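Have a look at the structure below, then the notes.
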Amino acid sequence: MEDVKRFLREAKLDCWTAALPTVVAGVGALLVLVRTVSSHREAKEKIRRARNRRTESLQQAEEAVLRYKQSHPMTDLTPILKLSLSELTKELRGGSLNPEEALYAFMEKTLAVHKKLNCCTEILLESLDQLETVGSNKEGLLYGVPVSIKDNCGYKGHDSSCGVLLHLEQPVQEDAVLVQVLKKQGAIPFVKTNVPQGLLSYDCSNPMYGQTVNPHNLQKTSGGSSGGEGALIGGGGSLLGIGSDIGGSIRIPASFCGICGFKPTAGRLSLQGVRSICPGQKSVPSTPGPIARDVDSLALCMQALLCDHMFSLDPTVPPLPFNMQIYQSSKPLRIGYLECDGFQQPSPSMVRSVREVKALLEQAGHTFVPFQPLRIKEALYDLIVKGVFADGATTLIQKLAGGPTDPTIKHQIFPYNLPLWLKRILSFLLKPWFPRTSISLRALCGVGSVPKLWKQHAAVEDYIKDTIAHWRRCNIDVLLCPVIAPAYNLLYCAKNSTILSYTMLYNLLNFPAGVVPVTTVTKEDEEELKYYEGIYQDVYDKLFKEAVTGGEGLPVAVQCVALPWQEELCLRFMKEVEQLVKQSRK
């Protein structure tokens, strides 16, 4: 009988032992479920609080504008909005306008533009307090000028979210160096503007603040990642803004929104306090730069920023003041030009814009030389994509964690999340039929090791050296080339990365580059687009055609490029393009 009892006890113990892993697994699954539900709830709450903060700042700004207008019933702010930046600075310094009038004029306009385009993340209400102290900087080149700044540009006491939940509710402790310099020059930063989730997109939407749309067509994107800046300035809510550019993030929004944008050589302006989504990435440098309605405004901003105060605050920036003599030069130029980079067929309006500007410049006495970028496919995938995502996109995926993925980047990040082995297998299998998809997947695997990262950096250096040698063999001063245009239909940016060859190349090379609007899409352009097939005639060519369809009347720009550290020459070239186009319209 004792043996039976012992057997039953052992059998019961064995049953519990056998069941234990199942129980543990069940408890573990329950804990994961609870944690996931809790995480989703926290994310929703964080998003709600961010939206409430924005709504509150907009409401307080509206109330401040209303109070001002009630206390100044005879003051008409509308004429201020029609002034160029140079005209505004002249009137402010001369005393015919005061900073208070300028700030309230643009704040009121910004609130109206935001309601239409959803371009702002918050109004910087400290700007109202700055009115009391701005008089101490009356000699500044930007005295009294209201300035907009991109979300990732640090402003004390406010988030630099980069469009991700991870950076919400982490107000920065100090103004970015550029913000400090702007204030020293008398400017008044008054609004922060929207960006895409994670910054590495040329659309402009995130889960907190939603989609920013184009001032010329609400069914089109404003571009990105400085898309809030592009929309606000293109819509008339700001005369001058600060963006940042790692692959066209200043130039594409400027092109899409019909304004001017400038990407300097990385290192010419301080990056301290301008947040990156992937800090430490060195293959393709990011740089801040100005966005404005005209080229003179870009030049004035560069002149204001390139001052002793910036060189003192950030000693890593070379102390090179703005060379006005080069900017104002009228010496004939030898201009390289290209209509197609041989990798992605441009839209009809992109080609036409270059041809028309080339004709105007030739008539003005400039010489043209055909120019073709070197090894463009290698540059885009082996150097740019593999460089930006040297870690296999791990850092970006980590930054996006903890919140919903915005619809505008879902197609883009899908391959980032694939396991390394699967990317390699798919790259091999797709090579015969989808060569650009295959090479993209291979590049997204990253570099794999530190020695390979150093080898990749060396390859970038070699490519820059080879391109400069090619440039000098052609004996050119500057380069005229297309920039992506016209503005895309919504939700297409994430589906087509190949067109970025037209902008990212100059980030890789670290050449200064800017865009100038020169024309608009015509009926003839739209008709010609119907026959667009592309160079590879693959899915990317098909998607590009769909993205730019329906663009009649939208702005089209050209891109101007110079060698590193020749910002003044690049801007001088842009200015000449702008003037010739204006004269031709008359």
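For all residues, glycine too, the Cβ spot is worked out from N, Cα and C.
Annotated in TrEMBL:
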type	residues	note
ACT_SITE	Lys150	active site, charge relay system
ACT_SITE	Ser225	active site, charge relay system
ACT_SITE	Ser249	active site, acyl-ester intermediate
BINDING	Leu199, Ser225, Ile246, Gly247, Gly248, Ser249	substrate binding site
DOMAIN	101-571	domain 'Amidase'
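Counting only the Cα atoms, the space from Ser225 (active site, charge relay system) to Ile246 (substrate binding site) is about 9 angstrom. When the Cα atoms are compared, Ile246 (substrate binding site) and Lys150 (active site, charge relay system) turn out to be 14 Å apart.
There are 25 other Cβ atoms within 10 Å of the Cβ belonging to Gly247 (substrate binding site). Looking at the residue listed as 'active site, acyl-ester intermediate' and Lys150 (active site, charge relay system), their Cα atoms lie 11 Å from each other. For Gly248 (substrate binding site), the same-chain residues lying six or more positions away in sequence with a CB closer than 8 A to its CB are Tyr202, Val483, Ile484, Leu500, Tyr502, Thr503, Met504, Asn507. Mean pLDDT for the domain 'Amidase' (101-571) in this predicted model: 97. Of the listed binding-site residues, namely Leu199, Ile246, the sparsest Cβ surroundings within 10 Å are found at Ile246. The Cβ centroid of Leu199, Ser225, Ile246, Gly247, Gly248, Ser249 marks the substrate site; residues of that chain outside this set whose Cβ lies within 8 Å of it are Leu200, Ser201, Tyr202, Gly224, Ser226, Ser244, Asp245, Ile250, Ile252, Ser286, given in sequence order.
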